[in-house]
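Working notes for the structure below.
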């Protein structure tokens, strides 16, 4: 039942974007069917190998795609390395530095894809497919990824610092940040469910566990054991978003929010006596509804396009612009 309802939902979204004149280029799930027919098998095999080595990588690849799309569209700009004296990328932006992971996995996928389809598949599309496969391999939903993106020749550290939602945001700030990307409050609450897997650093949740009152005291005490009150002590110490099943993509995140056990301030803002409480409660009770809405929102987010007139290419190496 869960699978069929989920498919119905994202099929509707696919139909909308495929028929929409505002869609990013000519994105289509079948974009590479002729030019690189083994693409999806190749990506999934490499992602599966990465997850066998470190299961947490599934969550990291999902986050990498999100951080790519929220900065000048889903264009692979986050993958570009800094070049001393000539190019500043997004990897050293505050939300990304020493935090976003998975670059080496994208490199390996690109290498594997280039062996079978040289010069055909963009790094941006690889990141989108890796996010989907990382999610499904952790037990989450799958969806038909719209393909045909191209890679940016620029990056935007300023936009990364301003547009990636901070863990300190309140609900109004979160809704505004997502609205800026044409994503609804429902999309916000569904996409936040990505925090049902993975970990966060102490510096991101210290304020919540020491200063906020909308938190279960026992949970705050648990997290304080490995996150000292005085910064920068323990800044990079990790804690799971979901204590019960940190590496299984389920709906436990929402049950945690209802129990006031959200790890970040921004997490708990989704269930704090305001507009998203009812939806959080629905997701907590109905996994099928959550995974359906999550897949739908991922397709919408993956459709975020680069700025009009942006110069794009198919990078040979995801870390550098083609010379």
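The backbone N, Cα and C atoms fix where each Cβ goes, glycine too.
Pulled from TrEMBL:
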{"type": "SIGNAL", "residues": "1-25", "note": "signal peptide"}
{"type": "DOMAIN", "residues": "26-322", "note": "domain 'Plant heme peroxidase family profile'"}
{"type": "DISULFID", "residues": "36-117", "note": "disulfide bond"}
{"type": "SITE", "residues": "63", "note": "site 'Transition state stabilizer'"}
{"type": "ACT_SITE", "residues": "67", "note": "active site, proton acceptor"}
{"type": "BINDING", "residues": "68, 71, 73, 75, 77, 90", "note": "Ca(2+) 1 binding site"}
{"type": "DISULFID", "residues": "69-74", "note": "disulfide bond"}
{"type": "DISULFID", "residues": "123-318", "note": "disulfide bond"}
{"type": "BINDING", "residues": "195", "note": "heme b binding site"}
{"type": "BINDING", "residues": "196, 242, 245, 250", "note": "Ca(2+) 2 binding site"}
{"type": "DISULFID", "residues": "202-227", "note": "disulfide bond"}
(Q) Please give me the CB contact count at 10 A for residue 90 (Ca(2+) 1 binding site), counting all chains in the structure. (A) 26
Q. By CA distance, which of the recorded positions (63, 117, 318) lies nearest to residue 242 (Ca(2+) 2 binding site)?
A. 63
**Q.** Taken over the domain 'Plant heme peroxidase family profile' (26-322), the model's mean pLDDT
**A.** 97
**Q.** Neighbourhood of the residue listed as 'active site, proton acceptor' by C-beta distance under 8 A, where only residues 6 or more apart in the same chain count
**A.** 78, 90, 95, 96, 100, 160, 164
Q: Rounded to the nearest Å, what's the C-alpha distance separating residue 318 (disulfide bond) and residue 73 (Ca(2+) 1 binding site)? Just drop the number here, would you?
A: 16
**Q.** Candidate recorded positions 117, 202, 250, pick with smallest Cα gap to residue 71 (Ca(2+) 1 binding site)
**A.** 202
Q) Are there residues of the same chain, six or more positions away from the residue listed as 'heme b binding site', whose CB falls under 8 angstroms from its CB, and which are they? A) 241, 242, 253, 263, 264, 267
Q | Residue, out of the binding-site residues 196, 245, whose Cβ gathers the largest set of other Cβ atoms within 10 Å | A | 196
Q: Using C-alpha atoms only, work out the spacing between residue 117 (disulfide bond) and residue 123 (disulfide bond) and round it to an integer in Å.
A: 13
Q: Would you kindly give the Cα-Cα distance separating residue 250 (Ca(2+) 2 binding site) and residue 69 (disulfide bond), rounded to the nearest Å?
A: 23
Q. Given the Ca(2+) 1 site residues 68, 71, 73, 75, 77, 90, which other residues of that chain have a Cβ within 8 Å of the mean position of their Cβ atoms, reported in sequence order?
A. 67, 69, 70, 72, 74, 76, 78, 152, 155, 156, 160, 306
Q) Looking at the disulfide-bonded residues 69, 117, 123, 202, 227, which one has the fewest other Cβ atoms within 10 Å of its own Cβ? A) 117
Q. Out of 74, 318, which has the highest number of nearby Cβ atoms, where nearby means within 10 Å of its Cβ, if these are the disulfide-bonded residues?
A. 74
Q. Among the binding-site residues 75, 242, which residue has the largest number of other Cβ atoms within 10 Å of its own Cβ?
A. 75
Q: Would you pick out, from the binding-site residues 68, 250, the residue whose Cβ has the largest number of other Cβ atoms within 10 Å?
A: 68
